[in-house]
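These come from TrEMBL:
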{"type": "SIGNAL", "residues": "1-32", "note": "signal peptide"}
{"type": "DOMAIN", "residues": "33-127", "note": "domain 'CopC'"}
{"type": "TRANSMEM", "residues": "161-183", "note": "transmembrane segment"}
{"type": "TRANSMEM", "residues": "204-221", "note": "transmembrane segment"}
{"type": "TRANSMEM", "residues": "241-260", "note": "transmembrane segment"}
{"type": "TRANSMEM", "residues": "298-318", "note": "transmembrane segment"}
{"type": "DOMAIN", "residues": "327-418", "note": "domain 'Copper resistance protein D'"}
{"type": "TRANSMEM", "residues": "330-354", "note": "transmembrane segment"}
{"type": "TRANSMEM", "residues": "366-388", "note": "transmembrane segment"}
{"type": "TRANSMEM", "residues": "400-422", "note": "transmembrane segment"}
Amino acid sequence: MQRKPAYFFLQAAVLCLWASFLLFGGASAAFAHSELERTAPEPNTKYEQSPRLVELGFNEAIEAKVGSVEVLDDKSRRVTDAKPQTSADHKSISLALPELGEGVYTVSYAIISADGHPVSGSYVFVVGNPPEAVDASAFDPHKELGHEGHGASTQLTTNQFIIYAVRSLYYAALLWTAGLMLWPLLTRGRGVILPGILKKWEPIALRTLLVAVLVYIFAHAREILKGYPSGDYDKLFLETTVGKEWIALLALSLAGFLFVRMHPIARAIWAAAILAVESWSGHAAVFSPKSASVLFDFVHLAAGAVWAGGLMLLLALWQKDRKEAGRFAALFSRAALLSLVLLTLSGVGMTLLFLPSLKYLFYTSWGTLLLIKTGLVVLVLGVGGALHMKIRKGGLPVPALLRVDASLMALIIVVAALFTYISPLPANSPVTYHQMGDKLHVSLRVTPNKAGINEITLKVWLPDAVGAAKAVQVRLFSQDRKELGPIEVPLQTYEDTELTDFDGFVKSAYKAEGPFIPFAGRWQAEIRVRDKDDNETVQKVDFRNY
């Protein structure tokens, strides 16, 4: 009997269904994507010693010749250019590490599984006890006193101009006095009029410096302790770094009246000591490596003192004896040229240490003032070059150029006094995000929102009819390094005692604390909320830190 065609079609359909079950159901494990099963070092873990390597293990084989593993430091720079190695079974990949210093490090991986699916991600680990990330709050002297609610200045305000005027007077007196105490060592045995001018002006400079230091300390102490009890003055001067530096500054200012009578070498030692104290009390003491930043600052101040003191002596000699001034100008022009070179090099060095990127020059008033100062230094180089060429040809300094040089020096000192009081880095503020909707409310907080340890708090509200959230996930994506995989935030539920309930909604609260933001920059938090029916809602929150 001949079978009907429909019967054959039915048999074929059943056979296809059976084959599909075997292929996609019974053998599903063969087509599962590779997943990260183990890591060394482990995520969000602190290690006392530097790990020897990074090793990532997967549940299935990965492509041996495709993929990457990177380890970045807290400036988002790669710590090694070594190539990752794949194990014999192709189930793990490793990267040898150099000796890592204390810091927060990011491991980022992007591999291809044997079945051709990409797998990527990032996580963070810590070595040693890294210093707190530097932002505007690092320059706040209230911290050592236990005062809250204060921050370092990042912008210019009208009320601060008294402080700035005092600082301008202080820096002018400091550089003038230190310069006058350095020049006797540079001019030993040269000229007969110069010793008399030094003998006249050194005591005047020392008295000016003493008054400037007293006013400087009084104005800053009053500003810091405004609104606080007078008993905090003891803490300020005896228990804080800035207070102890002020005491040292005052002691050296008084000691200067003894050193001025001593040998030129002793005077130079005094000048170096007072400039060193100033170097330790400025921005340079905050940044790492501290030894390099403080050294750059000291060289910067010393070069400025030689230039300022020498120019004042040249002007005084010009009024007294033109020929003597001409002879001194030959020495001064060479010293001034060297000083300007050192000022430029040390200034560039400090800028590169202070700022993560030159783009930060446009984020604060500090950067604006630095650009203004740079322009003034370029003008000084032009004026100084013209004076140097005139003197090399055997002529006397041009009075108009001397006046311009002195005016530019005064402007540079004023600008320096302003921008040494302002934070080079912008202020960071916590992330506070709240979005309400008919089907979901979301609240996200990131505190303090800077590179390093942060507390991440997430609250979600779903309608009563839907019930509490079944699963919640937060992943952080670097918007500056988009090639990096996301950083998973290990949220834990907690009992929220804040009055943040909404009628008709049920709340779920989660929290995590750790180094989930390993470096400063632009970030995006991806929030995924899944209800009991596995319906997923995704929200993205953009934020940045410095």
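Note that Cβ sites are derived from N, Cα and C of the backbone, with glycine treated the same way.
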- Residue distribution over DSSP helix, strand and coil in the domain 'Copper resistance protein D' (327-418): 81 helix, 0 strand, 11 coil
- Determine how many residues of the domain 'CopC' (33-127) DSSP places in helix, in strand and in coil. 0 helix, 53 strand, 42 coil
- Note on the structure: Tertiary contacts of the transmembrane segment (366-388), defined by C-beta under 8 angstroms and 6+ residue spacing from its ends, are 154, 329, 333-334, 336-337, 340, 343-344, 347, 351, 355, 360, 397-398, 401-402, 404-405, 408-409, 411-412, 415-416, 418-419, 422-424
- Summarise the model's confidence over the domain 'Copper resistance protein D' (327-418) as a mean pLDDT value. 89
- the transmembrane segment (161-183) touching the transmembrane segment (400-422) per 3+ Cβ pairs under 8 Å rule: yes
- Task: Using a Cβ-Cβ cut-off of under 8 Å, list the residues of the same chain that are 6+ residues beyond the ends of the transmembrane segment (298-318) and lie near it.
- Result: 172, 174-183, 186, 193-194, 197-198, 201, 271-272, 275-276, 278-279, 324-325, 328-329, 332, 335-336, 338-340, 342-343, 345-347, 350, 397, 399, 402, 405-406, 409, 413, 416
